Amino acid sequence: MNFKYIVAVSFLIASAYARSEENDEQSLSQRDVLEEESLREIRGIGTKILGGVKTALKGALKELASTYANGKRTAEEHEVMKRLEVVMRDLDSLDYPEEASERETRDFNQEEIANLYTKKEKRLLGPVLGLVSNALGGLLKNIG
């Protein structure tokens, strides 16, 4: 009698444990799915924000470039224009990375390419913000 009781209790414990493991796996997979959906939403929002910022920045840079292009330029303004053109090319290369990498890889080896991309990442935001602030400052000086 004790043996049958022990077997029955062991069977109940094993089945309860199996059910709890199954429930844990289901809840983990549901959490994973929810986390993945959240990450996709966040990435989508981030991509939209970045796209909007890039579009606004490109528009502002084009406006500044046209402002500088229409009038007579000093040497300093000419240098600013050249920098704006470089920034515009960098922004365009972000939109079409395959074409940019093909152009850039024609004459470089792999180590130089890695250094080039690292430098491009470092030099993109600093000069863009500097140029925009300098250009806006110059425009405000000219207006005022």
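The backbone N, Cα and C atoms fix where each Cβ goes, and this holds for glycine too.
Checked against Swiss-Prot, the residues Asn70, Asn115, Asn134 yield a single entry marked asparagine amide: Asn70. Counting Cβ atoms from all protein chains shown, Ile143 (isoleucine amide) has 6 others lying within 10 Å of its own Cβ.
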